[in-house]
Amino acid sequence: MRFGIIGNIKKEALYEVVLNLTRQLEKDKIEFIVQKEIAEGIEQRFSHSVDPRLELDELIENSDMIISLGGDGTILSTARIIGHRQIPILGVNLGKLGFLAEVLPSDAFEFIKRICKGDYRIEDRMVLEAKVKEEGVIYFGLNDIVIDKAGSTRVVDIETYINDEYLITYTADGLIISTPTGSTAYSLAAGGPIVTPSSEVITLTPICPHTLTARPIVIPDDSIIKVKIEFYDKEILLTADGQIEHKLKPPVEILVKKADYKIKLVKRPEVSYFDLLRSKLMWGKDLRVKGNRKQK
């Protein structure tokens, strides 16, 4: 198995981590390719040559598995680059949360050795695609597709249809359409439910709705969501995974559905999704002060 090593080149910690990791891989005769920009950064910082190295696209085409070093945002961008190619992604956390990139740098080499022996599991994760009517560009999101008011102080009316059946007009700051993977991201912060990754559903979560009756809704993943914004004199912002942005001038119609491929994430067999919820998001943690309290 050949591992392609890529990462967030803006993170200074990346270069030393990759240097140490490649030394260990070389010692154990495990095949790897390093992203050219990372190899050049290591040379500049440590006067050490790391090879083989390739440009990103060529590296992906010649790798059996991608090791993506950074934070969860790096995993999202890696997933978008890999797209339909079905190459598994192992996330190594150099960021803060590490919900998707869950493996610590200190544990990465030992886990890679386990992978070479087949001791790992693959989780298939749904991807969403969004298309603006009368435009040819398709936007993909592993976490979510968000439609919002692009910084305006005015709420926007978002007509929403499921399989061409009218659902609701959200009067809100925006609408988050999320995968199960994205249920613990922006959707969660906006009051949406936590959805396990294997669930075959899509969640619609309004952002600051101007009514108490407009709540998040969970729909089957084979649904086609149509969003229409007719009357709004300012720009609307379409965002994929918080990284790809496209400004639109109403009237506008956007179609969102499940993409025809899934992203493969490499996971440790002994760590479950619920383990991550508890350790990373402190899910279910009792934050009450224990013991005697002083009475005011």
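Cβ from N, Cα, C; glycine included.
What TrEMBL says about this protein:
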| type | residues | note |
| --- | --- | --- |
| ACT_SITE | Asp72 | active site, proton acceptor |
| BINDING | Asp72, Gly73, Asn143, Asp144, Arg154, Asp173, Gln243 | NAD(+) binding site |
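Distribution of TrEMBL features across the structure.
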| residue | record | Cβ neighbours (10 Å) |
| --- | --- | --- |
| Asp72 | active site, proton acceptor | 23 |
| Gly73 | NAD(+) binding site | 17 |
| Asn143 | NAD(+) binding site | 29 |
| Asp144 | NAD(+) binding site | 28 |
| Arg154 | NAD(+) binding site | 9 |
| Asp173 | NAD(+) binding site | 19 |
| Gln243 | NAD(+) binding site | 12 |
Distance between Asp144 (NAD(+) binding site) and Asp72 (active site, proton acceptor) at the Cα atoms, whole Å? 13
In three-state terms from DSSP, label Asp144 (NAD(+) binding site) for me. strand
Site diameter for NAD(+), Å, by largest Cα distance between Asp72, Gly73, Asn143, Asp144, Arg154, Asp173, Gln243: 31
The rounded CA-CA distance in Å from Asp72 (active site, proton acceptor) to Gln243 (NAD(+) binding site) is 12
